[in-house]
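Student: Supplied in structure tokens, the structure appears directly below.
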Amino acid sequence: MPPIAQNSSRGKKGQALESVRSSLLIPSSLSPQAGENVSSAAVQDESHNEMLWRPFWLRGAIIGAFCVLFSACTVAISCIASYSNGHDGLNNAQKGLKHLWRFGPTVFITPISILWWRAELQTLRYWPWICLRRAKHGDKPGTNELDYTSLITPNVLITSLKRRDIFVFLVVLISVLLKVQIVLSANIFQLITMEVTEPIQVRALTSFEATNDLSNSSNAIAYFNAKAMQNFDMELPFGVSNECAYQTFELPGPGPSSRGTVESPIEVQVDGLFVDVRCEPLHNYTYQRIYNHVQSYYFSADLKFPSCETLANFDLVQMHGSQLPMPFEEVFSNATNPHLCSSLIQANTQFLYYSGLLTASQHNQSIPELNKLAAAICSSRAYISKVQVVDNGIRPNITRLPGAEEILIPSDPWQMVVELLEAAGRGLGKDIIEEQSILSGKKLNNGNETQYQSDMLQQSMSSFIGTLSPFIANYILRQDTEKDIPGSRIIKVERLQANKGICVAMAVVFGIMALISLWVVFYSKGIANVWYRDPATILGSMLYFLGNRHRDPFIYSSLSKTRRKMKAEWIKAETYSPLVVRKSSRIFFVVYTIALIAGLSATLRISWRSQGLATVTEDKNPLLWSSLPVLAFLIVAMYTTSSDATLRNLAIMSKLNIDFCSADQLDISLLDMIGLKALYHSIRLKIYSVTLSHLLATICLFLTALSTVLFTPTIIPQKTIMEFPQTSWFGTRVLEKSQETNSDTRLNLDSLILTRAFSNFTYPESTYEGLVFPSLDINNPEINWKSGISATARIPAAMLMPTCGRVPRDDYSLVSDTVNTGTDYIYGIRAIEIFNCSDGTETQLINWIDSSSKAWRDKRSYIAGILASLDNPVVKAQNCKKSQNQKPDPMISYQPFRVQTYLWGNFSVGSSNEDGGFEYISLWKCNYTWVEVMAETKLTWTDGHLAINHTDPPKIDRSSTKPWSPPFSVPQFDGNLPEGPSSPSSLGVFSQQHYINELIDRFGDQFKAIVKPYGPIAVEDFDNPDKESEILEALHFNVAMASAQLVNVEQRFNINETSNVAPKEHGELPKVKATILDPDRTRLVQNTAVTIAILIILCIVASVNIWALVSAALRRYYGTRSWLIDMEFKGVAPDDFNSIALTDALLHDSNIKEYLAEDLQLTPANKIYEDLRELSFALGWFGGYGHWEDEAELTIGVLDDEQSPFLGYRQGQK
């Protein structure tokens, strides 16, 4: 039995209840007949009272506002996606707002989802009441027992579909879609790095002016530069491309670079100078052969070219005794008829190139005949046209602008080529095919038949002029003039771009939501103002049932059939708690939350230690790191929200289970409140569990917004330390006699040395100045080589280092001498050194150094040359063997050192003073050996390989200098290659210089290379003692550079090759340690501040839920305590307690109907509260009228009613 309430006589409380009955005009004993009269009166008066109440969030205007909002979002997202796609993004990302683009969309959609949740909640809450109100002959089966608010979302969707409650299904579907939108919104925008153009001012430094004057000998550098570029892996000079020369330019003002960079190239339109060559190949020919009186043959040939109105001709004489077959070739300008062919360019004189072969006649071997003949007639022009240059500071990209105007300049390109070759000491190369092959480094084989093909002649002429003309324009036609011109800079910016796929998905979803909400708007019109007041509160339900039990007898009858069963559900509910707040659910949630806390802590630690969690590449889906965290924390928010909703739904029932409530408290639902209002009422009702759960739900709403910026792609340059094995070593390779490339290599290298002072010089691969580097194996799966990646390494480089000392005059007998050749006098110096051979024979080493060609006129001459040194074994051996009529062993030339004796100064010709005529003399001896130096080298990944960065050249650590091991020979760079069966003699590296300056025309080759314009030394410096160190330094530089290039080509061995001279194998080759820098590496970095904020929220959530679990366990032993919280509400109400049937079963036997009139629902709420303010209500056992001692009913009733006394709260049993 429940405890019996102590009820004495009526007293004051009973009098108060009687006064309430009187105020509401209800008789003390109500008969059914009287009840029916009252009900009838209410029905009669109902037509005079409009039903004014309906759920706020289900009103047509509210749903219509959502429909408009969803439609606006659809249009807005579509416009954003379209604009972003058409403008390469939306806008440049502002540095201070880098998180807003991810944070903002989620913050915008989350409140919409919350507000729509109100519409969803009221739909679930009031749908059974709506069905009940609209039913005429009964509703769908089970409507009275239906409680959507007790179901989780998937069950709501399934149940609504089964029952065909389409309105409920669609409203809940929109709520689900909004949660999907929250997840997607984190990825609707993305930051991409794009190249954009920024207008700037650029200063043009040069322009082009016509000239045909090539008298300056330094103009020959155009030829040497073209040759060096063709034969070595070098970058073209700034201002030169393969097709043209273009204006050079720079960025005005101070800055890290006057040119563009790889990260920020410059784009500008400038003048480009082009050369156009057009040729006509030979069509046919005729010739005459005439024998003259001097026993020679005279050939006269007439050449016919297509589209040429006049025949071209040439004459050829074959002298008696000339050997047959006799090839011939010639190039000459057709001065007598400069415009022979109208189809060719008419701006300049046309020129003829022909070649042929005279062979012996088949009938008479002494009579020549013209066997083969090929010819091409050509013309050329030079013009200026606009080009677009994109300069990255390394390799500019030049594009000719289509349709640009061509401005002809009065220069003859062919004539300039002829004079250029003469300035370079080449003369006019009669065999253009041969000259083009030399220029390109592809030497023709002897007896090449291509020179007798007209098409080949035409192609060779065009290629030859086309190869030289950009360099001619660069070095000869270019003039220094400054002018500001407009340009642009290509810069990389972070640009905000709409994610097309996400935008399409979200636009489609918002469109679907707009259509659904539009349907809901029209459907909701049927849900008119169908109630006088809210029927879903406890007081509202009481008034509804009381006022409608006689109006809707069918509904009342259907409820009465299940009332006993529903009553039993209330009695059995003492052990029931809703699924979401059960211990098992809460334990699972706590474990999930703790896992999130542990995971976030671990990933934050990894992010700190590893500079991010992972490397983000373009092929990785950003949904993994942007939307997945949102989904993970959305689960937390959804649980706390669902738990809060469940507790707020049970809040009033919980209060009634343990304490009494007033009438106004029975007329509220904390579930139907949001924000501060729900907090206020939970505190006012002292239901602190609801207060706590609502606070948790509120702060968890920030989780989804914060999670959008939890992970941020950040550019963090990556430094990786790697070790690369060496794949080559340096040894001695014997030069084969059959290898003509040995001579070719030295001739090409000469061009390289001469070019260095005239352009933005780049050294061939694996070399820099006098350094030669080993090859490295950079293949490593851990490195993704790509443009922009660089490396810094201390690489052991080989360098030829000199050790020099001044030579005493006494070591040599220096005598000025004159040689009479019969036609001229040659003045010079004879240097004599006496020494003993190994057999004791005394012999002399005589060196002769010529004076300049002007010496016989000026009687004074500068001299400079190299004396053969006996410290070189080959020199001593050659002189000793010569005296014995023997040849030295050629292998003696391959030595790991090289001694050079330098002599320079000036002397007076014919002087008889005691100094031998010398006014100044400098004599130095230098011993060159290979040393190893550690070079701090920066390398960049360019065109598929790792190359030395010439803008930041290697830095030598001279303290690390040590002899190279194993030693290898110093290459033969001066042309004195060993004679003998194994190697040929050759021209040296320093042998191509052609000087018009007669003061130095007989200098030694190495000295010519250091004199201006090709080197840093002026002629006058050779009689200046203060310039000795500069002269030596210039000589050392060229020797070291030439040796490095020769070693790179001739003496680099693969790792498994053996040297020709001992030591034949390399020793231990240490790995080269390098630091690889990837400046554009994008890492996924975990935001520390956001992580801490999320961890605080999660820790609070976990702590509260753990406290709730502990409280539930302790209440079994300690009962209710103030420090224990009840967040389970076990036994408060049965499942589906909000259903109409369960509500009716609970309220049917309540004594409250003795205090309420059937038409009281027409009374304003404030008046009802005022009239019922003396009443207190509780949920428990109440006795029946007159027989309460035998029976008790579980219901919500009025306390202190003598007719139906309160027996106790429901924790007991009847």
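Cβ coordinates come from backbone N, Cα and C, glycine included.
Here TrEMBL flags 56-80, 100-119, 166-184, 502-524, 587-608, 623-640, 687-711, 1089-1114 as transmembrane segment.
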Student: Return yes if the transmembrane segment (166-184) and the transmembrane segment (1089-1114) have at least 3 CB pairs under 8 Å (sequence gap of 6 or more), otherwise no.
Tutor: no
Student: What same-chain residues lie close to the transmembrane segment (1089-1114): Cβ under 8 Å, and 6 or more beyond its ends?
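Tutor: Here the qualifying positions are 583, 586-587, 589-590, 593-594, 596-597, 600-601, 604, 633, 636, 640, 692, 696, 699-700, 702-703, 706-707, 709-710, 1121, 1124-1128, 1130.
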Student: Could you pull out which residues elsewhere in the chain have a CB under 8 Å from any CB of the transmembrane segment (587-608), counting only those six or more residues past its ends?
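Tutor: Result: 632-633, 635-636, 639, 1085-1086, 1088, 1091, 1094-1095, 1098-1099, 1101-1102, 1105-1106, 1109.
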Student: Take the transmembrane segment (623-640) and find every residue of the same chain, 6 or more past its ends, with a Cβ under 8 Å from one of its Cβ atoms.
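Tutor: Residues 102, 106, 179, 182-184, 186-187, 580, 589, 592-593, 596, 616, 693, 696-697, 700-701, 703-704, 706-708, 710-711, 713, 1084, 1094, 1098, 1101.
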Student: In the same chain, who gets a Cβ under 8 Å from the transmembrane segment (687-711) while lying at least 6 residues past its ends?
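Tutor: Contacts with the transmembrane segment (687-711): 99, 102-103, 105-107, 110, 114, 182, 185-186, 613, 625-626, 629-630, 632-634, 636-637, 640-641, 643-644, 647-648, 651, 654-655, 670, 675, 678-679, 1084-1087, 1090-1091, 1093-1094, 1097-1098, 1100-1101, 1104, 1125-1127, 1129.
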